[in-house]
Structures are given as structure tokens and as C-alpha cells.
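Listed in Swiss-Prot for this protein:
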BINDING   Asp246, Asp257, Glu423  Mn(2+) 2 binding site
BINDING   Asp257, His339, Glu384, Glu423  Mn(2+) 1 binding site
Amino acid sequence: MDTLASLYTKHLATLQQRARTILERHQLDGLLIHSGEPIARFLDDQDYPFKINPYFKAWVPVTQVPNCWLWIDGVNKPKLWFYSPLDYWHSVSPLPQAFWTEQVEMTAQRHADDIAALLPAARGNVAYIGPNAERARSLGIDEAHQNPQAVLNFLHYHRAYKSEYEQACMREAQKIAVDGHQAALEAFRAGMSEFDINLAYLSATGQGENDVPYDNIIALNRHAAVLHYTHLERRAPSEMHSFLIDAGAEFHGYAADLTRTYAANGQSDFAALVAEVNQAQQALIATLQTGVRYTDYNLQFHQRLAAILRHHHILTGISDEAAVAQGLTTPFLPHGLGHPLGLQVHDVAGFMQDELGTQMAAPDRYPYLRCTRIMEPGMVMTIEPGLYFIDTLLAPWLEGEFGQHFNRGRIDALRPYGGIRIEDNVIFHAHGVENMTRDLHLA
């Protein structure tokens, strides 16, 4: 098996080839990639938690250090100016010595403003990739070369194809997240609050709330009906009905994004509903293959969802086909089936059909679907169907043209549980799909 170091060498060669292509196409001398800068809180002497430029961590696994720079010409070793000030007020990251450092030409940068003197003098024909336009201007980068859209389109599009190194990092992120999910489930079964369940998760992963790739969703009971619930109640509810956890982890800048839902009473109707959504998700994953547009799989799950809703008498007096055709499944599943995953949780280019940036929007019926691409080898996607009882979405349907098909009694009985989401992370390969999450036996 290849080591992470050897996989990184191949990964870097791929990035260099992409850089050569885009530099030649637009007659540029190089890419100047900025890790980013701290952002100060208003009227405060503290900064917001730092989040690095995803294009920086694509080249080097540096994820928490601001004021760093990469110079890429596609031919020579990437030049890395690593910010390492002499500072007794704050902890300072030392110059890295790791599996990847021999592949770059690294120099310590003691002051953030030193970069102007360290960079090559000729910078008029360089593309700046980063978050700070003012800094780019101060370095003499023309506005037209600051995050040029044509360059970003090319880079975004090809980010969908994960190298073997990236896939290996994402498998490691899965392992960390699975440890957290198992600890969180134990905390739920022990009757802990959302706040304490989250602490158990973070402790098990060894990652702080600013290290995980997104704010953890730890939702008990009705809170599971809020798709991005992040409030974290300090007290446990007097009665436990359900637990939805959507929480991830990072490894070398690459994300895992996993969701599970549990019933407090394993013999309840809600537990049976969770089991059926889980089975439907696994059945859909068994059909995944390259060469199929992701929108087709989204529609396929709505067909499966209609069958579940009818089986549990939540929808009545209508066929599966008619329920989907008339949109009756949409208030129960308002989000899309999933999204690209990688350097960012909602990774870029889900709608891009080519490297020029041609877009295909989500279908009108499913406007929150985050991907319309044809699946190809190397793509990493989440598969995260759900079934929710959201008052604001159900109300117009209950009173509308098709209201007679919605079983109010069943819906009212299930409202206290909030909802269900089951999410796995999969890699598309030429001859099949790898479910990284289930391979680690996360039930």
C-alpha cells in the first residue's frame, strides 16, 4: 500500500499539471495563493477563529496558520513562505517537518508585511487566489488578476476529482468522526444534554469546536426538525424521544460529514421509520454508479420516500408515482440528497458541467439540491436522505389541494421526534462505489 508521502507526491504532480494548464491558457506567470489573514472582532482586540483558504490546504496540509503564501508556476517546486513570527504573546507554529515538506521550498516569514520583499519582483502577470483584495493590491496584483473567474472555474471544476492522497485523507477523517459518533451515541443513551453530548463528541475526536469542519448538529426531539440546528441546550429534556447527530471531522484539511438518527425507544413507530429510511438509503447506495447524473439519484430517493410515507400511513389515498409527481414528498424532504465533499463540507462545483464554468441549476422541484453533475471516478459525495416533520413546510400542504392525502393524526404523533437524516460519504470508482462510512461499521 502506498504511504501518505508517496500519495502526496502523486497528488502534487496532479496539481502542478493543472497549474501548468491554466497558466498557459491564460498566459500567466504564476499563482500566488494566500492562506488568509486573521479577521478582528469589531471593537475588540481578539480575532474570529481563523479558517484557511481551501486552495492553500489543497497544496500543503497547513490548516491553521494565517499569513502564509504559496508561489506556484507548475514547473518548479512550490515556494512556501510560512508565517512563523517571534512572538511571546501567542503560540507560534514552528516550521513544519513532515511527510510533505521535502516537496516544497519553504522559508520562514517573520512578519506578515515581509511578503512584499520576499516575493518575485515581477508580479503584474500573476493570479492571486485568496480572501484579501486589499493585500493583493498592496502587492501590485492587478484587480483583473485577483481571483480571476476563469482560473477559479477551472480549479473548481477539477477539485471534484479527488486524488488518491485526498481519498486517503478523507478515509482518515471518517475514522475520527466515527469515534465521535460512537461517543455521542453513548452520551445520548446516558441521558445527557445536547451540550454535553457535543462535548463527548469533541473529546472523542480530539478536535475542538473550531477544528471540526462545521458546527456540529446535536438535536434532541423536535430540534431535529431544524435542518441546521446548532443551539445546544444545556439541560436534557424531561423525556427523550429521538437524537439526530450531524457531525464531522477533518484530517489534513479534508472533511468527513456524517449523520445518524436514533430513537430513544427501539420499539416505537419512529424507530421503525428510522430503520426504513436507513434501509432505503442503503438500497439507493447499492444502485450508485458512474455515468449517471446526480439529479437522477435525488429523484430516485423521493420515489423511495413516497413508499415509506405510504407504508407508515403518513400519506394515504395516493400512489407513490402520483405523490412524487405532485410534490407531496417535498415538505418531508426539503433538502437535496447530498453534495460534493472534500476541502470544504459543501465542496465547490456541484453545478459545473465543464471547466469553463457552465452551470446546470438544480431542478425547480428540488431547488436545494447541491449537485447536478454526472458522477465520475474520483468524485466524493454525501448521500444524506431525510424525513422531517417541519411545521412551516407541512402547514400549506395540510390546508392545500392535496391536504386529504396527509394523515394529520400520524403526523401529529411523529412531530415530537423532529425528523430523520442518515448520511454516508461515498467515493465513486470506475467499477463501483466505496462507502467510507459503512466500511467503518457505523450503524
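Positions of Cβ are set from backbone N, Cα and C atoms, glycine also.
Annotated pair Glu384 (Mn(2+) 1 binding site) and Glu423 (Mn(2+) 2 binding site), C-alpha to C-alpha distance, rounded: 4 Å. Rounded to a whole value, the Cα-Cα separation of His339 (Mn(2+) 1 binding site) and Glu423 (Mn(2+) 2 binding site) is 11 Å.
In this structure, Glu423 is the one among the binding-site residues Asp246, Asp257, Glu423 with the smallest number of other Cβ atoms inside 10 Å of its Cβ.
Following the DSSP three-state reduction, the secondary structure of Glu384 (Mn(2+) 1 binding site) is coil.
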